[in-house]
Amino acid sequence: MNKDNKENIPLMGKRTNTSGPPTTNHQEKKLTENTPTRKSSQFFFEIEGFESNSSPRQTSPPVFSKPMDSNIRPWYNNARKKLKKYMFRAVSEGSIEELQCLLVEVKERSNACRNMTVQDYLMKKLTDSDTGKTCLMKALLNINQNTNEIVKMLLSFGEENSFLERLINAKYTEEAYKGQTALNIAIERRQYNIAQTLIEKGADVNAHSQGVFFNPKHKHEGFYFGETPLALAACTNQPDIVQLLMDNRRTDITSQDSRGNNILHALVTVAEDFKTQNDFVIRMYDMILLKSKSRTLETMKNKDGLTPLQLAAKSGKLEILKYILSREIKDKPNRSLSRKFTDWAYGPVQSSLYDLTELDTTADNSLLEIIVYNTNIGNRHEMLTLEPLHSLLRMKWKKFARHMFFMACCFYFIYNIILTLVSYYRPKRDEAPPYPLALTRNVGWLQLLAQVLIMIAAIFLAIKESVAIFLLRPSDLQSILSDAWFHFAFFIQAVLVIFSVFLYLFAYKEHLVCLVLAMALGWANMLYFTRGFQSMGIYSVMIQKVILQDVIKFLVVYIVFLLGFGVALAALIETCPNDSKCHSHSSLGAVLMELFKLTIGLGDLEIQQNSKYPVLFLLLLITYVLLTFVLLLNMLIALMGETVENISKESEHIWRLQRARTILEFEKMLPKYLKKKFQLGELCKVAENDTRVCLRINEVKWTEWKTHVSFINEDPGPTGYNRIQDTSRSNSKNTLNTFDEMDYLLETTV
């Protein structure tokens, strides 16, 4: 290759002895001007999945074929492409003089072009054909001290040649960053002045960035922000740009992205579990809601049918959920945006009305159902401690659930008693069943009646639990084992009873096997009803967690040892002669049984008497005992102790989660007229044409006693505490006080 035509361009943009059309004194510039800025280099490394410091971190294989921007330039041997390359280099390095010369040259070439318009030619020369990235985007991706001048120069050039709108609103075409515009990049680079200029020049303020880099599925390698410039500014904590965009008439505040998320959904998505992140998300959420002056944003649903409130619950965002549920805006014009209304106060006691919209089970996909039934939410037991969810569940339990629970407990206890008596006093004869009953005696009639009752109860339980399982539709095995196990346990027990009856009627003696299993499982299922008592309900959880987390793992390892040593020992045992009095353990099954007895301390060492190599046999046997009886069993005990200790720390929260699921299960069983009768809440008129169902909760808050409380009534209404807490909305209608009678509670000095 000809040396004169070859360009040696090292990494990160440093170039040596280049030849080309630029007529500026570029070679005399400082080396720092030819090197990308620290910010652009940092961005490049972040896209590739690395950090600028030397500390390594775990990364996953990249899913994006190209970075958004790179200053590692390929070598070109095409003279027509050199001009575009020089222009991109000039804007990235902030070379104003070089860019001026290049723009003049490209303008002259456009006049000589006959096969396309001037605007098309200029746009082509200022755009990377592979990615759709323009010189304007390149300049914004490489912020330096001359970026503002570079941007103004490019915008003026576009305006003079009548392709300004195309230049500003050009979008990335590369799959990873598809749809991104210069305005998005200016916002991400926190360039307020440039963003303002672009908006004034006609930038599309509702453009959607839909590349896979902006997809929440790749949240560990990309950045999801809701696709629109407004959502990007909000998710990157730039209130000045948010204000700028919301003041623009062309901005669609209610715009939804490809997943149906609006700006509030996006803010909920980017919220994390540390305070700094949550604080700015809450401030932005408040700012946008107040600016919109409407609850429309909070009631919009995405393609999964979730509002921002429901999305916060499903994604486990505890702090943002707490903020939304207890948001109280005391400013009169914006008070309708609140979800909490302080209606009355006396000293540290506040009587507040909480909006039940989307919370109670009367709504589709209610917040209670999302939290209680979604096993993927790791902190759902903490969410149920938030108001008004905590008080709502407590009131439901007092109003109807506890009565239904104890009735169900009594029913199942009597069912087990009758089943046990029928089984114990069954006819015991040698002939094949069914056995005739002596109906001439009172005992015979009682046995017949008991059997009929057991059959009816078993059929009822089987139908009830099968319907519950069908409606539950658990999404994974974890959901079944952690929450829905009792549905399957009750169903299996009822099926065993029904199956034993049919086997009995068809003269099969094996009916006794099903009957015995049904009795054992029936009494074991009584553990379900311990969840009605806080002191006992945690024991069933401990048993369940120990079995699922510790015992199953122990059994897997134990079976490996049992099979391995069993096969080895069986191969060393000889078959006893027919006339010998020794015990033969040559079969694998017999050896496994003896080893199992040794594990639980019931075996002996007679198994080695007929071995070919007694010393080796004894050595293997001792090794097996040490690994299983000494090591594995003690490890199991230690793990079970740790599990029980961890559960004990959260015992109250776990028990409340158990009870919450029980409440919702019983509520589903109620007919519609009873559901309406037991509905909690009061009809509250917040504003004109804005009536909501609210739940009244009295709270004692000493820390907020001395703060100003606005919009209060003179008294809480009904004086009976139970009437206040459990008033049905059909019997109560309140109008929140927005009058001028008492705007503020006078501050009291303690």
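Every residue number used here counts from 1 along the chain in the order it is shown.
Placement of Cβ uses the backbone N, Cα and C atoms for every residue, glycine included.
Noted in TrEMBL for the protein shown:
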type	residues	note
REGION	1-39	region 'Disordered'
COMPBIAS	15-25	compositional bias 'Polar residues'
REPEAT	178-210	repeat 'ANK'
REPEAT	304-327	repeat 'ANK'
TRANSMEM	404-425	transmembrane segment
DOMAIN	405-651	domain 'Ion transport'
TRANSMEM	445-463	transmembrane segment
TRANSMEM	484-506	transmembrane segment
TRANSMEM	512-530	transmembrane segment
TRANSMEM	551-573	transmembrane segment
TRANSMEM	615-640	transmembrane segment
Within the repeat 'ANK' (304-327), residues counted as helix, strand or coil by DSSP: 15 helix, 0 strand, 9 coil
PLDDT averaged over the residues of the domain 'Ion transport' (405-651): 80
DSSP helix/strand/coil residue counts for the repeat 'ANK' (178-210): 16 helix, 0 strand, 17 coil
When counting Cβ pairs under 8 Å to the transmembrane segment (404-425), the leader among 445-463, 512-530, 551-573: 512-530
